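S.K.: Questions regarding the structure given below will be posed in turn.
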Ligand SMILES: Nc1ncnc2c1ncn2[C@@H]1O[C@H](COP(=O)(O)OP(=O)(O)OP(=O)(O)O)[C@@H](O)[C@H]1O
Ligand SMILES: Nc1nc2c(ncn2[C@@H]2O[C@H](COP(=O)(O)O)[C@@H](O)[C@H]2O)c(=O)[nH]1
């Protein structure tokens, strides 16, 4: 058991299911939650900023970081490298913040090995056609990229059962409420409360 009061959450979904929209809404509503900013070798989309959505780096720098053992987990997704640096997450967990890793199923497996207390949440779309429609409406990727992401969607979704919780993102507000309630519930787990309220519990039991 790691001596952290923050919880580590893994959020996975096929591209376009809505995981970024959900975590962004949760971050606005809950000041105890932070997102881990990954490193990637893919090009920024319109509106994305270095250090906000991702740290955008080239292949050589990514390979240097692997050689330096700088990653907590990393994987190749859609022909690009993506990874979570160790530095990014542990400071926040130690401050008692909940940290979200928005990563694919390969990264999720690595995190579970290294950090078994991590809580996995898988987001499913209501249908394959709405997934494709969302990718098209988002208008951030070419038709070719969208088709490659759709082709990988079923493989990503086939790992849903490796996660602790599943949310179907049909109505956005309902999905957000479900996600928020999972965060709340994990904060009230007995080992977490024992760490956080150890003194109070000792006082209450001291008569
Ligand atoms: N419940 C919903 N109903 C309709 N549209 C939605 C819903 N949730 C998200 N969207 C829209 O679907 C599109 C894809 O969402 P988003 O970018 O959050 O997906 P993602 O899973 O993070 O994808 P990626 O892995 O490619 O970054 C966005 O345009 C978003 O506004
Ligand atoms: N294993 C990891 N997967 C990651 C990480 N950051 C993002 N991702 C996953 O990549 C795809 C595509 O993301 P996109 O931003 O290009 O649409 C998606 O499934 C993400 O979850 C990471 O650090 N490690």
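Cβ coordinates are placed from backbone N, Cα and C, and glycine is handled just like the others.
TrEMBL labels come from automatic prediction, so no person has curated them.
So TrEMBL says this about it:
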type    : residues                       : note
DOMAIN  : 6-184                          : domain 'Guanylate kinase-like'
BINDING : 13, 14, 15, 16, 17, 18, 19, 20 : ATP binding site
S.K.: Please check each of the binding-site residues 13, 14, 17, 20 and report the ones with a CB atom less than 6 Å from an atom of ligand 2, ordered along the sequence.
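M.R.: Result: none.
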S.K.: Which binding-site residues, if any, among 14, 15, 19, 20 have a Cβ under 6 Å from ligand 1, given in order along the chain?
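M.R.: Passing the 6 Å Cβ check against ligand 1: 15, 19, 20.
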S.K.: Write out, in the order they occur in the sequence, the residues of the chain not among 13, 14, 15, 16, 17, 18, 19, 20 that have a C-beta within 8 Å of the mean position of the C-beta atoms of the recorded ATP site.
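M.R.: So the additional residues around the site are 123, 125, 131, 134, 169.
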S.K.: Just to confirm: which same-chain residues, 6+ apart in sequence, have a Cβ under 8 Å from the Cβ of residue 18 (ATP binding site)?
M.R.: 123, 125, 134, 169, 172, 175
S.K.: Taking only same-chain residues 6+ apart in sequence, whose CB is under 8 Å from that of residue 15 (ATP binding site), what do you get?
M.R.: 78, 135, 149, 152, 153, 156
S.K.: Across the domain 'Guanylate kinase-like' (6-184), what does the mean pLDDT come to, as a whole number?
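M.R.: Value for the domain 'Guanylate kinase-like' (6-184), mean pLDDT as a whole number: 95.
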S.K.: Taking DSSP three-state, what's residue 19 (ATP binding site) in: helix, strand or coil?
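M.R.: Reduced to three states, the DSSP call for residue 19 (ATP binding site) is helix.
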